[in-house]
Amino acid sequence: MGKYFGTDGVRGEANVELTPELAFKLGRFGGYVLSQHETERPKVFVARDTRISGEMLESALIAGLLSVGIEVYKLGVLATPGVSYLVRTEKASAGVMISASHNPALDNGIKFFGNDGFKLADDQELEIEALLDAPEDTLPRPSAEGLGTLVDYPEGLRKYEKFLVTTGTDLSGMTVALDTANGAASVSARDVFLDLNAEIAVIGEKPNGLNINDGVGSTHPEQLQELVKETGADLGLAFDGDSDRLIAVDETGEIVDGDRIMFIIGKYLSEKGLLAHNTIVTTVMSNLGFHKALDKQGINKAITAVGDRYVVEEMRSSGYNLGGEQSGHVIIMDYNTTGDGQLTAIQLAKVMKETGKSLSELAAEVTIYPQKLVNIRVENSMKDRAMEVPAIANIIAKMEDEMAGNGRILVRPSGTEPLLRVMAEAPTDAEVDYYVDTIADVVRTEIGCDN
(Lines of atoms letter the chains of each structure in order from A; the text may use other names.)
(Lines give C-alpha, C1' and ligand atoms only; values in the text may rest on other atoms or scores of the structure.)
Protein backbone atom coordinates (compact mmCIF):
# COMPACT_ATOMS: atom_id res chain seq x y z
CA MET A 1 0.00 0.00 0.00
CA GLY A 2 1.08 3.57 -0.57
CA LYS A 3 1.45 6.63 1.60
CA TYR A 4 -2.18 7.74 1.22
CA PHE A 5 -4.04 4.73 -0.16
CA GLY A 6 -4.70 1.74 2.09
CA THR A 7 -6.38 -1.50 1.09
CA ASP A 8 -9.69 0.33 0.66
CA GLY A 9 -8.87 3.83 -0.55
CA VAL A 10 -7.87 6.86 1.50
CA ARG A 11 -9.23 6.92 5.06
CA GLY A 12 -8.91 9.03 8.18
CA GLU A 13 -10.68 11.20 10.69
CA ALA A 14 -12.80 13.63 8.69
CA ASN A 15 -11.64 17.26 8.70
CA VAL A 16 -8.51 16.25 10.66
CA GLU A 17 -6.71 13.70 8.48
CA LEU A 18 -9.09 13.51 5.55
CA THR A 19 -9.55 17.24 5.02
CA PRO A 20 -11.47 19.15 2.33
CA GLU A 21 -8.10 20.25 0.97
CA LEU A 22 -7.02 16.64 0.52
CA ALA A 23 -10.40 15.72 -0.96
CA PHE A 24 -10.04 18.52 -3.54
CA LYS A 25 -6.60 17.24 -4.52
CA LEU A 26 -7.83 13.65 -4.74
CA GLY A 27 -10.62 14.78 -7.03
CA ARG A 28 -8.28 16.85 -9.18
CA PHE A 29 -5.42 14.38 -9.42
CA GLY A 30 -7.55 11.23 -9.39
CA GLY A 31 -9.81 12.60 -12.09
CA TYR A 32 -6.82 13.52 -14.21
CA VAL A 33 -5.13 10.11 -13.88
CA LEU A 34 -8.32 8.18 -14.60
CA SER A 35 -9.32 10.21 -17.65
CA GLN A 36 -6.00 10.67 -19.47
CA HIS A 37 -6.93 8.29 -22.26
CA GLU A 38 -10.50 9.51 -22.81
CA THR A 39 -11.33 10.81 -26.28
CA GLU A 40 -14.53 12.54 -25.12
CA ARG A 41 -15.25 14.60 -22.00
CA PRO A 42 -14.70 12.25 -19.04
CA LYS A 43 -17.73 11.26 -16.96
CA VAL A 44 -17.34 10.38 -13.26
CA PHE A 45 -19.99 9.20 -10.78
CA VAL A 46 -19.71 10.41 -7.16
CA ALA A 47 -21.67 9.00 -4.20
CA ARG A 48 -21.44 9.06 -0.41
CA ASP A 49 -22.85 7.38 2.66
CA THR A 50 -24.74 9.21 5.42
CA ARG A 51 -21.86 10.61 7.53
CA ILE A 52 -22.07 14.25 8.57
CA SER A 53 -18.75 14.90 6.83
CA GLY A 54 -19.95 13.39 3.56
CA GLU A 55 -21.34 16.54 1.99
CA MET A 56 -18.26 18.56 2.97
CA LEU A 57 -15.90 16.07 1.35
CA GLU A 58 -18.24 15.54 -1.60
CA SER A 59 -18.23 19.28 -2.37
CA ALA A 60 -14.44 19.48 -2.22
CA LEU A 61 -13.92 16.32 -4.25
CA ILE A 62 -16.36 17.45 -6.94
CA ALA A 63 -14.64 20.84 -7.14
CA GLY A 64 -11.36 19.03 -7.82
CA LEU A 65 -12.93 16.90 -10.53
CA LEU A 66 -14.56 19.91 -12.19
CA SER A 67 -11.24 21.77 -12.19
CA VAL A 68 -9.78 19.25 -14.66
CA GLY A 69 -12.76 19.29 -16.99
CA ILE A 70 -14.66 16.25 -15.72
CA GLU A 71 -18.42 15.88 -16.13
CA VAL A 72 -19.54 14.86 -12.64
CA TYR A 73 -22.73 12.89 -11.99
CA LYS A 74 -23.72 13.43 -8.36
CA LEU A 75 -25.52 10.38 -7.01
CA GLY A 76 -26.06 11.50 -3.41
CA VAL A 77 -26.41 8.72 -0.83
CA LEU A 78 -25.84 5.34 -2.47
CA ALA A 79 -24.23 2.01 -1.59
CA THR A 80 -20.62 1.53 -2.68
CA PRO A 81 -21.53 -1.36 -5.02
CA GLY A 82 -24.12 0.91 -6.61
CA VAL A 83 -21.32 3.18 -7.78
CA SER A 84 -19.42 0.21 -9.19
CA TYR A 85 -22.54 -1.01 -11.01
CA LEU A 86 -23.36 2.38 -12.54
CA VAL A 87 -19.79 3.02 -13.69
CA ARG A 88 -19.83 -0.23 -15.68
CA THR A 89 -23.33 -0.08 -17.07
CA GLU A 90 -23.32 3.63 -17.96
CA LYS A 91 -19.81 3.53 -19.40
CA ALA A 92 -18.33 6.19 -17.12
CA SER A 93 -14.62 6.95 -16.92
CA ALA A 94 -14.55 6.32 -13.17
CA GLY A 95 -16.52 6.36 -9.93
CA VAL A 96 -15.77 7.71 -6.47
CA MET A 97 -17.33 6.63 -3.17
CA ILE A 98 -17.06 8.75 -0.03
CA SER A 99 -17.37 6.37 2.92
CA ALA A 100 -15.46 4.71 5.73
CA SER A 101 -17.55 1.55 5.50
CA HIS A 102 -18.09 0.02 8.97
CA ASN A 103 -16.05 2.68 10.81
CA PRO A 104 -17.70 5.18 13.19
CA ALA A 105 -19.07 8.54 12.05
CA LEU A 106 -15.97 10.59 12.82
CA ASP A 107 -14.03 8.74 10.10
CA ASN A 108 -14.51 8.97 6.37
CA GLY A 109 -12.81 7.74 3.25
CA ILE A 110 -12.51 8.18 -0.50
CA LYS A 111 -12.17 5.24 -2.87
CA PHE A 112 -12.00 5.21 -6.63
CA PHE A 113 -13.33 2.76 -9.20
CA GLY A 114 -11.95 2.46 -12.72
CA ASN A 115 -14.13 2.33 -15.83
CA ASP A 116 -14.46 -1.44 -15.41
CA GLY A 117 -16.10 -1.05 -12.00
CA PHE A 118 -13.14 -2.50 -10.10
CA LYS A 119 -11.14 -0.72 -7.44
CA LEU A 120 -7.96 0.92 -8.72
CA ALA A 121 -4.81 -1.03 -9.43
CA ASP A 122 -1.74 -0.23 -7.33
CA ASP A 123 0.01 1.56 -10.19
CA GLN A 124 -2.92 3.95 -10.63
CA GLU A 125 -2.97 4.75 -6.91
CA LEU A 126 0.78 5.36 -6.96
CA GLU A 127 0.36 7.72 -9.92
CA ILE A 128 -2.17 9.75 -7.94
CA GLU A 129 0.12 9.72 -4.89
CA ALA A 130 3.02 11.02 -6.97
CA LEU A 131 0.91 14.02 -7.96
CA LEU A 132 -0.12 14.56 -4.34
CA ASP A 133 3.54 14.65 -3.27
CA ALA A 134 4.81 16.77 -6.17
CA PRO A 135 6.31 20.14 -5.11
CA GLU A 136 3.74 21.97 -7.23
CA ASP A 137 0.54 21.31 -9.15
CA THR A 138 1.39 21.45 -12.85
CA LEU A 139 -1.84 19.95 -14.21
CA PRO A 140 -3.80 21.88 -16.84
CA ARG A 141 -6.22 24.52 -15.56
CA PRO A 142 -8.97 24.82 -18.15
CA SER A 143 -11.34 27.77 -18.14
CA ALA A 144 -14.77 28.62 -19.55
CA GLU A 145 -16.01 25.71 -21.70
CA GLY A 146 -13.02 23.62 -20.63
CA LEU A 147 -14.30 23.34 -17.05
CA GLY A 148 -16.34 20.36 -15.94
CA THR A 149 -20.09 20.36 -15.41
CA LEU A 150 -22.14 19.01 -12.50
CA VAL A 151 -25.25 16.89 -13.03
CA ASP A 152 -27.54 15.82 -10.18
CA TYR A 153 -28.39 12.20 -10.94
CA PRO A 154 -30.96 10.75 -8.51
CA GLU A 155 -31.94 8.29 -11.26
CA GLY A 156 -28.80 6.35 -10.37
CA LEU A 157 -30.38 5.07 -7.16
CA ARG A 158 -33.49 3.87 -8.99
CA LYS A 159 -31.40 2.09 -11.63
CA TYR A 160 -29.35 0.31 -8.97
CA GLU A 161 -32.50 -0.75 -7.11
CA LYS A 162 -34.06 -2.13 -10.30
CA PHE A 163 -30.88 -4.08 -11.00
CA LEU A 164 -30.95 -5.62 -7.53
CA VAL A 165 -34.56 -6.70 -7.93
CA THR A 166 -33.80 -8.41 -11.27
CA THR A 167 -31.32 -10.72 -9.51
CA GLY A 168 -33.89 -12.02 -7.03
CA THR A 169 -37.06 -14.07 -6.88
CA ASP A 170 -40.56 -13.50 -5.51
CA LEU A 171 -40.32 -13.53 -1.71
CA SER A 172 -44.07 -13.61 -1.05
CA GLY A 173 -44.78 -15.24 2.30
CA MET A 174 -41.32 -14.45 3.67
CA THR A 175 -40.73 -11.99 6.51
CA VAL A 176 -37.38 -10.22 6.40
CA ALA A 177 -35.89 -8.07 9.17
CA LEU A 178 -33.49 -5.42 7.88
CA ASP A 179 -30.79 -3.41 9.67
CA THR A 180 -29.52 -0.72 7.34
CA ALA A 181 -26.92 0.61 9.83
CA ASN A 182 -28.21 4.19 9.49
CA GLY A 183 -26.07 4.11 6.38
CA ALA A 184 -26.25 3.93 2.61
CA ALA A 185 -28.65 0.97 2.53
CA SER A 186 -31.24 3.09 4.36
CA VAL A 187 -32.23 4.68 1.03
CA SER A 188 -32.67 1.42 -0.87
CA ALA A 189 -33.06 -1.83 1.11
CA ARG A 190 -36.68 -1.24 2.14
CA ASP A 191 -37.80 -0.52 -1.43
CA VAL A 192 -35.87 -3.45 -2.89
CA PHE A 193 -37.34 -6.04 -0.53
CA LEU A 194 -40.84 -4.60 -0.87
CA ASP A 195 -40.46 -4.88 -4.64
CA LEU A 196 -39.61 -8.55 -4.10
CA ASN A 197 -42.91 -8.89 -2.16
CA ALA A 198 -41.35 -9.65 1.22
CA GLU A 199 -42.94 -8.58 4.49
CA ILE A 200 -40.36 -6.39 6.22
CA ALA A 201 -39.38 -4.89 9.55
CA VAL A 202 -36.59 -2.31 9.56
CA ILE A 203 -34.19 -0.78 12.08
CA GLY A 204 -31.19 1.50 11.55
CA GLU A 205 -33.12 3.44 8.93
CA LYS A 206 -32.97 6.96 10.42
CA PRO A 207 -29.52 8.40 9.69
CA ASN A 208 -28.69 11.75 11.27
CA GLY A 209 -25.08 12.04 10.15
CA LEU A 210 -23.71 10.80 13.47
CA ASN A 211 -25.40 7.45 14.09
CA ILE A 212 -24.02 5.44 11.17
CA ASN A 213 -22.86 2.01 12.47
CA ASP A 214 -23.64 3.18 16.03
CA GLY A 215 -24.95 0.08 17.79
CA VAL A 216 -26.46 -1.13 14.52
CA GLY A 217 -25.35 -2.79 11.30
CA SER A 218 -23.20 -5.78 10.47
CA THR A 219 -20.67 -5.13 13.26
CA HIS A 220 -23.43 -4.71 15.88
CA PRO A 221 -26.15 -7.25 15.02
CA GLU A 222 -27.59 -7.56 18.54
CA GLN A 223 -30.65 -5.36 17.89
CA LEU A 224 -31.36 -7.26 14.70
CA GLN A 225 -31.21 -10.57 16.56
CA GLU A 226 -33.88 -9.27 18.95
CA LEU A 227 -35.98 -7.92 16.07
CA VAL A 228 -35.95 -11.30 14.33
CA LYS A 229 -37.19 -13.03 17.47
CA GLU A 230 -39.79 -10.34 18.23
CA THR A 231 -41.28 -10.35 14.72
CA GLY A 232 -40.91 -14.04 13.94
CA ALA A 233 -38.94 -13.12 10.82
CA ASP A 234 -37.59 -15.82 8.54
CA LEU A 235 -34.23 -14.10 8.42
CA GLY A 236 -32.44 -10.92 9.42
CA LEU A 237 -30.06 -8.98 7.19
CA ALA A 238 -27.53 -6.49 8.58
CA PHE A 239 -25.51 -4.21 6.29
CA ASP A 240 -22.60 -1.93 7.12
CA GLY A 241 -22.34 1.81 6.52
CA ASP A 242 -21.74 1.62 2.77
CA SER A 243 -23.60 -1.66 2.26
CA ASP A 244 -20.71 -3.64 0.81
CA ARG A 245 -20.99 -6.38 3.43
CA LEU A 246 -23.72 -8.53 4.96
CA ILE A 247 -24.15 -10.45 8.19
CA ALA A 248 -27.33 -12.53 8.45
CA VAL A 249 -29.42 -13.77 11.37
CA ASP A 250 -31.41 -17.00 11.17
CA GLU A 251 -35.00 -17.43 12.38
CA THR A 252 -33.80 -18.46 15.86
CA GLY A 253 -31.72 -15.30 16.28
CA GLU A 254 -28.34 -16.91 15.59
CA ILE A 255 -25.65 -15.12 13.57
CA VAL A 256 -24.83 -16.43 10.09
CA ASP A 257 -21.47 -14.95 9.09
CA GLY A 258 -19.75 -14.51 5.75
CA ASP A 259 -18.31 -18.03 5.75
CA ARG A 260 -21.73 -19.62 6.10
CA ILE A 261 -23.31 -17.23 3.61
CA MET A 262 -20.64 -18.10 1.03
CA PHE A 263 -21.15 -21.81 1.64
CA ILE A 264 -24.93 -21.59 1.26
CA ILE A 265 -24.76 -19.62 -1.98
CA GLY A 266 -21.77 -21.62 -3.25
CA LYS A 267 -23.47 -24.97 -2.68
CA TYR A 268 -26.60 -23.71 -4.46
CA LEU A 269 -24.56 -22.54 -7.46
CA SER A 270 -22.46 -25.72 -7.48
CA GLU A 271 -25.52 -27.97 -7.58
CA LYS A 272 -26.82 -26.00 -10.56
CA GLY A 273 -23.45 -26.17 -12.32
CA LEU A 274 -23.08 -22.39 -12.03
CA LEU A 275 -20.10 -22.15 -9.65
CA ALA A 276 -17.14 -21.28 -11.87
CA HIS A 277 -14.44 -23.98 -11.64
CA ASN A 278 -16.51 -25.31 -8.71
CA THR A 279 -14.41 -23.03 -6.50
CA ILE A 280 -14.99 -20.43 -3.78
CA VAL A 281 -12.28 -17.84 -3.08
CA THR A 282 -11.74 -17.02 0.57
CA THR A 283 -9.07 -15.64 2.90
CA VAL A 284 -6.80 -17.20 5.49
CA MET A 285 -9.27 -16.07 8.18
CA SER A 286 -12.14 -18.30 7.05
CA ASN A 287 -13.12 -20.80 9.70
CA LEU A 288 -11.88 -24.38 9.63
CA GLY A 289 -15.50 -25.52 9.75
CA PHE A 290 -16.10 -23.70 6.46
CA HIS A 291 -13.18 -25.55 4.85
CA LYS A 292 -14.42 -28.90 6.14
CA ALA A 293 -17.92 -28.22 4.82
CA LEU A 294 -16.53 -27.37 1.38
CA ASP A 295 -14.47 -30.56 1.37
CA LYS A 296 -17.53 -32.62 2.27
CA GLN A 297 -19.52 -30.96 -0.52
CA GLY A 298 -16.70 -31.46 -3.05
CA ILE A 299 -16.24 -27.73 -3.60
CA ASN A 300 -12.73 -26.41 -4.18
CA LYS A 301 -11.27 -23.34 -2.50
CA ALA A 302 -8.65 -20.74 -3.36
CA ILE A 303 -7.15 -18.94 -0.37
CA THR A 304 -5.82 -15.37 -0.32
CA ALA A 305 -4.46 -12.83 2.14
CA VAL A 306 -6.95 -10.91 4.29
CA GLY A 307 -8.86 -8.22 2.40
CA ASP A 308 -11.61 -8.27 -0.22
CA ARG A 309 -9.15 -6.57 -2.58
CA TYR A 310 -7.08 -9.77 -2.69
CA VAL A 311 -10.15 -11.96 -3.05
CA VAL A 312 -11.23 -9.95 -6.10
CA GLU A 313 -7.73 -10.11 -7.60
CA GLU A 314 -7.76 -13.91 -7.35
CA MET A 315 -11.26 -14.12 -8.79
CA ARG A 316 -10.32 -11.96 -11.76
CA SER A 317 -7.05 -13.71 -12.52
CA SER A 318 -8.49 -17.23 -12.33
CA GLY A 319 -12.04 -16.75 -13.59
CA TYR A 320 -13.91 -17.52 -10.35
CA ASN A 321 -17.36 -16.06 -9.71
CA LEU A 322 -17.84 -16.38 -5.94
CA GLY A 323 -15.58 -15.25 -3.13
CA GLY A 324 -15.50 -13.29 0.08
CA GLU A 325 -14.59 -12.95 3.69
CA GLN A 326 -15.83 -14.12 7.06
CA SER A 327 -16.65 -10.47 7.84
CA GLY A 328 -19.44 -10.49 5.27
CA HIS A 329 -17.81 -9.11 2.15
CA VAL A 330 -19.19 -11.44 -0.53
CA ILE A 331 -18.42 -10.91 -4.21
CA ILE A 332 -20.73 -12.53 -6.75
CA MET A 333 -18.93 -11.69 -9.98
CA ASP A 334 -21.82 -12.76 -12.21
CA TYR A 335 -23.62 -9.64 -11.00
CA ASN A 336 -21.13 -7.09 -9.68
CA THR A 337 -17.41 -6.41 -9.35
CA THR A 338 -17.24 -5.68 -5.63
CA GLY A 339 -18.79 -6.83 -2.36
CA ASP A 340 -22.51 -6.03 -2.36
CA GLY A 341 -24.45 -6.56 0.85
CA GLN A 342 -27.92 -6.08 -0.62
CA LEU A 343 -27.19 -8.28 -3.64
CA THR A 344 -25.83 -11.01 -1.37
CA ALA A 345 -28.89 -10.72 0.87
CA ILE A 346 -31.19 -11.20 -2.12
CA GLN A 347 -29.27 -14.29 -3.25
CA LEU A 348 -29.40 -15.75 0.26
CA ALA A 349 -33.17 -15.22 0.44
CA LYS A 350 -33.50 -16.74 -3.05
CA VAL A 351 -31.73 -19.93 -1.93
CA MET A 352 -34.09 -20.18 1.05
CA LYS A 353 -37.14 -19.66 -1.14
CA GLU A 354 -36.11 -22.10 -3.87
CA THR A 355 -34.94 -24.87 -1.52
CA GLY A 356 -37.79 -24.43 0.96
CA LYS A 357 -35.26 -24.65 3.79
CA SER A 358 -34.90 -22.32 6.74
CA LEU A 359 -31.70 -20.35 7.16
CA SER A 360 -30.81 -22.37 10.25
CA GLU A 361 -31.10 -25.60 8.23
CA LEU A 362 -28.91 -24.24 5.44
CA ALA A 363 -26.32 -22.85 7.86
CA ALA A 364 -26.17 -26.05 9.92
CA GLU A 365 -24.04 -27.71 7.24
CA VAL A 366 -21.13 -25.55 8.40
CA THR A 367 -19.99 -26.27 11.95
CA ILE A 368 -18.16 -23.14 13.09
CA TYR A 369 -15.15 -23.97 15.23
CA PRO A 370 -14.45 -21.71 18.24
CA GLN A 371 -11.86 -19.13 17.23
CA LYS A 372 -9.59 -16.88 19.28
CA LEU A 373 -7.33 -14.10 18.06
CA VAL A 374 -4.67 -12.36 20.17
CA ASN A 375 -2.63 -9.34 19.06
CA ILE A 376 0.87 -9.13 20.49
CA ARG A 377 2.93 -5.96 20.27
CA VAL A 378 6.37 -6.82 18.93
CA GLU A 379 9.38 -5.02 17.54
CA ASN A 380 8.36 -3.79 14.10
CA SER A 381 11.51 -5.24 12.54
CA MET A 382 10.55 -8.69 13.83
CA LYS A 383 6.87 -8.96 12.92
CA ASP A 384 7.65 -10.34 9.45
CA ARG A 385 10.42 -12.61 10.73
CA ALA A 386 8.72 -14.29 13.67
CA MET A 387 8.89 -17.72 12.06
CA GLU A 388 12.67 -17.38 11.85
CA VAL A 389 12.81 -17.52 15.66
CA PRO A 390 13.34 -21.21 16.54
CA ALA A 391 11.33 -21.15 19.77
CA ILE A 392 8.30 -19.67 17.99
CA ALA A 393 8.49 -22.03 15.02
CA ASN A 394 8.89 -24.99 17.37
CA ILE A 395 5.92 -24.17 19.61
CA ILE A 396 3.66 -23.68 16.59
CA ALA A 397 4.76 -27.03 15.18
CA LYS A 398 4.15 -28.67 18.56
CA MET A 399 0.64 -27.24 18.85
CA GLU A 400 -0.20 -28.31 15.29
CA ASP A 401 0.97 -31.84 16.09
CA GLU A 402 -1.31 -31.90 19.13
CA MET A 403 -4.25 -30.77 17.00
CA ALA A 404 -3.77 -33.78 14.71
CA GLY A 405 -5.71 -32.10 11.91
CA ASN A 406 -8.68 -31.15 14.09
CA GLY A 407 -7.84 -27.47 14.44
CA ARG A 408 -5.92 -24.66 12.83
CA ILE A 409 -3.25 -22.13 13.79
CA LEU A 410 -2.52 -18.92 11.92
CA VAL A 411 0.27 -16.54 12.93
CA ARG A 412 0.58 -13.44 10.77
CA PRO A 413 1.88 -9.86 11.02
CA SER A 414 -0.40 -6.83 10.98
CA GLY A 415 -0.14 -4.88 7.76
CA THR A 416 -0.26 -1.50 9.49
CA GLU A 417 0.89 -1.87 13.11
CA PRO A 418 3.81 -3.49 15.00
CA LEU A 419 1.66 -6.46 15.94
CA LEU A 420 1.80 -10.20 15.49
CA ARG A 421 -1.63 -11.81 15.32
CA VAL A 422 -1.98 -15.31 16.79
CA MET A 423 -5.19 -17.13 15.87
CA ALA A 424 -6.34 -20.66 16.56
CA GLU A 425 -9.47 -22.73 15.94
CA ALA A 426 -10.36 -25.97 17.68
CA PRO A 427 -13.43 -28.00 18.65
CA THR A 428 -13.77 -26.42 22.13
CA ASP A 429 -13.15 -23.02 23.71
CA ALA A 430 -10.78 -24.59 26.24
CA GLU A 431 -8.60 -26.05 23.49
CA VAL A 432 -8.55 -22.74 21.61
CA ASP A 433 -7.46 -20.88 24.76
CA TYR A 434 -4.72 -23.41 25.35
CA TYR A 435 -3.28 -23.24 21.83
CA VAL A 436 -3.39 -19.44 21.52
CA ASP A 437 -2.15 -18.69 25.03
CA THR A 438 0.73 -21.16 24.76
CA ILE A 439 1.96 -19.67 21.48
CA ALA A 440 1.37 -16.08 22.64
CA ASP A 441 3.47 -16.63 25.77
CA VAL A 442 6.42 -17.79 23.69
CA VAL A 443 6.04 -14.89 21.24
CA ARG A 444 6.01 -12.37 24.10
CA THR A 445 9.08 -13.95 25.65
CA GLU A 446 11.05 -14.04 22.41
CA ILE A 447 10.14 -10.83 20.57
CA GLY A 448 7.52 -8.98 22.62
CA CYS A 449 8.04 -5.25 23.15
CA ASP A 450 7.68 -5.54 26.92
CA ASN A 451 10.83 -7.64 27.24
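Placed from the backbone N, Cα and C atoms, the Cβ positions cover glycine too.
The Cβ of Asp244 (Mg(2+) binding site) lies under 8 Å from the Cβ of Ala79, Thr80, Pro81, Ser101, Asp308, His329, Thr338, Gly339, Asp340, Gly341, each of these being in the same chain and 6 or more residues away along the sequence. Annotation comment: Swiss-Prot describes Ser101, Asp240, Asp242, Asp244 as Mg(2+) binding site.
According to DSSP, Ser101 (Mg(2+) binding site) sits in a coil region rather than a helix or strand. As annotated by Swiss-Prot, active site, phosphoserine intermediate applies to Ser101.
There are 28 other Cβ atoms within 10 Å of the Cβ belonging to Ser101 (Mg(2+) binding site). According to Swiss-Prot, the phosphoserine annotation covers Ser101.
Neighbours of the Mg(2+) site: apart from Ser101, Asp240, Asp242, Asp244, residues of the same chain with C-beta atoms within 8 angstroms of the site's C-beta centroid are Asp49, Ala79, Thr80, Ser99, His102, Gly183, Ala184, Phe239, Gly241, Ser243, Arg245, Gly339, Gly341. There are 35 other Cβ atoms within 10 Å of the Cβ belonging to Asp240 (Mg(2+) binding site).
The number of other Cβ atoms within 10 Å of the Cβ belonging to Asp242 (Mg(2+) binding site), over all protein chains shown, comes to 36.
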